[in-house]
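Reviewing the structure listed below.
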Protein chains: 2
Amino acid sequence: MSEISLKLKLELAKKLVREAGDFLLAHLTDTVEITEKSRFDDLVTNLDKAVQMQVIAGIRAAYPDDYFLAEEDADSDNSSDVKHDILDGNVWVLDPIDGTTNFIVQRDDFAVMLAYYENGIGKIGVILDVIRGNLYWGDGQKSYKNDRQISLVQKPLRESLLGVNTYMYRTNVGGLLDLSFDTLGVRAVGSAGIDYVHILDGKIWGYFSNLSPWDYAAGSVLLAPFDFVTVQLDGSPLDFKGRQMMMSVPKNQLAIIADYQAKSNEKKK
Amino acid sequence: MSEISLKLKLELAKKLVREAGDFLLAHLTDTVEITEKSRFDDLVTNLDKAVQMQVIAGIRAAYPDDYFLAEEDADSDNSSDVKHDILDGNVWVLDPIDGTTNFIVQRDDFAVMLAYYENGIGKIGVILDVIRGNLYWGDGQKSYKNDRQISLVQKPLRESLLGVNTYMYRTNVGGLLDLSFDTLGVRAVGSAGIDYVHILDGKIWGYFSNLSPWDYAAGSVLLAPFDFVTVQLDGSPLDFKGRQMMMSVPKNQLAIIADYQAKSNEKKK
């Protein structure tokens, strides 16, 4: 796709995500309808679904032939496919409210995330930290926070904090607990989008979690200009299908992380 | 002490904490001098010390006979006692920068905390969330966020999040991990002051950590109007001396928490 066409898609993505954020802010003090998905702590609200429908409608109006990979299942009256294969064609990846539990309980630390991939290659990433009003966006070459280009300075592990999934941290999956002992500590914020924003703001060194494609699609594009990789714990690519344990870390640190993993595997023997 | 005298002390406390916050904001982009205390991840900066000296000087000018219990050791050229016994007389308890690691690494999620106790009874609590500019203050009877009186509605555990110390969480101290399984999850923010602010904002149900007196003195006063207790894990009082594992939780939940503790002790046998 031409550069100009991509630029138009990026502008549309930014606009739709900003509108989604405004919509959520307008409904922030509403009583939301909460539904349990897989279990009592896996929640979705009517607003997740409303935002998803809004954003998809906005894209479809401009690009009727593009595909979607989105968090919430399509309603029964909406027969369209929202779980399209990332490798096949022009695919928009959407998480309408990332950190739904935070949205429900805290009314803070949640994000709207939208990405665009062509045949599996990330071309656009957009994350809105809704409460702080900061929009992070990029094309995989450069990333911006609002109107300012982001620059990232990699700090030593011993002067850094890690963003973690609490299960993986406490069970030392991939040596994550051991790794954390050589840092200033871990932070658990409960939203992939906010963790990505924290990497882009230089607040955490990297992020380790158990995520679905819509949780990492935008963050992966936004971190690419800084030589970060978003991969499985063993360094292999993510499949953009089900939930997978993964990490977003500086590429030049993969060997160091592999050492911690090897040592933790030794211990388990 | 008379009510009018206490009101004057409260106004002074608010003023000094606001000034400390302004000072930290003015120096937020400075290169700070960082010193290791007990180990590489236990840090103090020149700004912690500067704020402590400023606040103590401000109190001393008005109340020369009052005592202090403050986080940072007094410099060698400052022979005054800043580790006074909380049970003895009029004692100001100060944490100049709570969440020093966050301050250094993230430039976010840190707090200035000041409390005032008379013979061990909390009379004043003040916490400033420096970056968001929100001042939480109270006299143990009522608590305020800026100019608005705070009201707290207790939610069921299953609809709540917990603020935790990551060590206590992952090792299930006091049954904390087991307790967390019956909640929507845990959040680790790395600053007692910000955790207290999160309780006061209704974002977390309670807070479990391993703290020194200056970490919990102000929060304890601010939560008292809502029938919260700030106690050791077995429910006994804190000694306001060394670091202790503790919790700030709704008093009517102590029996439920004790059940989790008993079950976790059973498992360990």
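Placement of Cβ uses the backbone N, Cα and C atoms for every residue, glycine included.
Whatever TrEMBL says is automated annotation, not expert-curated.
The Mg(2+) binding site annotation in TrEMBL covers A:E71, A:D95, A:I97, A:D98, A:D215.
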Any idea what DSSP makes of A:D215 (Mg(2+) binding site), helix, strand or coil?
helix
Among all the protein chains here, how many other CB atoms are within 10 A of the CB of A:D98 (Mg(2+) binding site)?
30
Can you tell which of the binding-site residues (A:D95, A:D215) has the fewest other C-beta atoms within 10 angstroms of its C-beta?
A:D215
Other than its own, how many Cβ atoms are within 10 Å of the Cβ belonging to A:E71 (Mg(2+) binding site)?
22
What other residues of this chain sit with their CB within 8 A of the center of the CB atoms of A:E71, A:D95, A:I97, A:D98, A:D215, the recorded Mg(2+) site?
A:D48, A:L94, A:P96, A:G99, A:T100, A:A111, A:V112, A:M113, A:A192, A:G193, A:S212, A:W214
Chain B proximity: which binding-site residues among A:D95, A:D98, A:D215 have CB distances under 8 Å? Answer 'none' if there are none.
none
Same-chain residues at least 6 apart in sequence whose Cβ lies under 8 Å from A:I97 (Mg(2+) binding site)
A:L24, A:T45, A:L47, A:D48, A:V51, A:F103, A:F110, A:A111, A:V112
A:D98 (Mg(2+) binding site) -> DSSP, reduced to three states, gives strand
